[in-house]
Amino acid sequence: MPTSSPPGRRARVLSPGTSRPSSEAREELRRRLLELIEGNRVMIFSKSYCPHSARVKELFSSLGVDYNILELDQVDDGANVQEMLSEITNQKTVPNIFVNKVHMGGCDRTFQAHQSGLLQKILQEESAYEYDLIVIGGGSGGLSCAKEAAILGRKVMVLDFVVPSPRGTSWGLGGTCVNVGCIPKKLMHQAALLGQALRDSRKFGWEYSQQVKHNWETMTEAIQNHIGSLNWGYRLSLRERGVTYVNSYGEFVEHHTVKATNRKGQETYYTSANFVIATGERPRYLGIPGDKEFCITSDDLFSLPYCPGKTLVVGASYVALECAGFLAGLGLDVTVMVRSILLRGFDQEVAEKVGSYMQQHGVKFLRKFVPVMVQQLEKGSPGKLKVTAKSTEGPETIEGVYNTVLLAIGRDSCTRNIGLEKIGVRINEKNGKIPVNDVEQTNVPYVYAVGDVLEGKPELTPVAIQAGKLLARRLHGASSEKCDYFSIPTTVFTPLEYGCCGLSEEKATELYMKENLEVYHTLFWPLEWTVAGRDNNTCYAKIICNKLDQDRVIGFHVLGPNAGEITQGFAAAMKCGLTKQLLDETIGIHPTCGEPCLRAGPQPSPPRDGLEGPQEASSAKQVQDQGPGEICQKLSI
């Protein structure tokens, strides 16, 4: 301990000794450590012989700042204390330093904070922050984090403001998923499925003579009414938990301080001990003449007050294909313009099957073209637009006339205009994503991030909700659990749904090499499709196993009705360490679309060129093996 003034005070923490404590004792140890952190202006966990610890003590002494010390080598339970500190902070080394409840980190980060002025700022603020936590962004991740922190007794604020799209569209509390993403997308997908069910129903004996047509305005009004009820529910939920909700645009102006600007331009300033960035993403534009003036995005589509008519969808992302799919299912003339591949990042064999099914059911594809200009030919609702596009493989250009052009070419993180540069938070300058460690902490100790703004993490609502909830628990001492970002299931709600969990075949090959993989797959024909006379060589399942790990299932892919419902169950099994043997030993539910996933056969080796060969070989064996009462995996020969 340094002799310079003021001297550091030695802290004590009681725990059950040197052996590994019971779960109850560990929780008691955690509580006592948090009391030390929250009860002292400066709390240093160190070891008496560590030179880095000595430097930090000298720094605080030179600043005239009193500090408390717990020398881990001087207490009987030092090893248990250090292990618990590692769980709380994700830092395994000493010194481990907290200033006014903010985890500064170790020696280097504390000196960096001193040089930048951040340390002095945190010291000066004492504990006079207005809030324990301010969340910037009222989407799924931000709301999850805010509500959990409030449940744990913290004073919390949510700042949320939707900047209108170029077409003037804005929405209420809840973020992308609720307002312009998952919820309206799934409901419009359901509307399209109901159209298909109507056509199927005649084969099942339903007779109706009147003409059946779809009314866009009726559908959008009903969907927007439902979304409005969700918006109100979120506001009520925050109010019930004591979370302050402010409908203003949040922007950092200095350390621990944000400026909130409402729609009237009025500015208010708030301070907080910690911040969570959960601002999400917005659709990207092409940067060509006419794109923002005449095109729409998913921000606008779900509340569009008129039927979009003949539509060009630009892009090949899941957003593009989902929107193209339900628009075509509602009876519209739809074309998809694709720059390169479908569903980048997903299994490409399955992605091409998705595209093939859509094409067979009326969606047109323009491959290897990109728009270069959009011109308005006629005003109206929807009006007429002329699109000029250029080939990506040569000088060829084409033109087409559409009523609506929907851009779905990707999304940009909303991180560039919230003042992050003023407090030193680093972002990826190329895409605006925020790099974080495995506890969602940025390079600035009191700033965290969750959701779609994270670099290298899945952009999915349930992921953001889980990460936000666990972050709040860690920040406020209720848990040390981290979000597991591996083997997260998802579903693409195209007309033929695509559910997946784990690795694509391409990614699995990259990580484990092809010779170490066994790929099982099968075609199947849903029973519901047989009487209706629908496609009998289309639905598909693929299981990817790691031969080096007892045939562990590392990739699950299914293409068919209700793929999301099927995938959710298999995802839980994969979380528990599912192997091919366990799949083989599982008795299926008959007749269901999940049943064939248990009986997928191996790919022939080496595979033949093209897609049909290996699938037919695998499926032919399945047809031979299955009895006449089971789902027939019939081949089109």
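Using N, Cα and C of the backbone, Cβ positions are placed for all residues, glycine too.
For 616-625, the entry in TrEMBL reads compositional bias 'Polar residues'.
Remark: secondary structure over the domain 'Glutaredoxin' (42-103) totals 27 helix, 15 strand, 20 coil, with classes taken from DSSP. According to TrEMBL, the feature domain 'Glutaredoxin' maps to 42-103.
Look at TrEMBL and you will find 131-468 tagged as domain 'FAD/NAD(P)-binding'.
Taken from TrEMBL, the feature domain 'Pyridine nucleotide-disulphide oxidoreductase dimerisation' covers 488-595. Here the domain 'Pyridine nucleotide-disulphide oxidoreductase dimerisation' (488-595) has a mean pLDDT of 97 out of 100.
Residues annotated as region 'Disordered' in TrEMBL: 1-27 (among others).
The annotation region 'Disordered' is assigned in TrEMBL to 598-637 (among others).
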Checklist outcome for this item: Taking DSSP helix as H, G and I and strand as E and B, the domain 'Pyridine nucleotide-disulphide oxidoreductase dimerisation' (488-595) has 40 helix, 33 strand, 35 coil
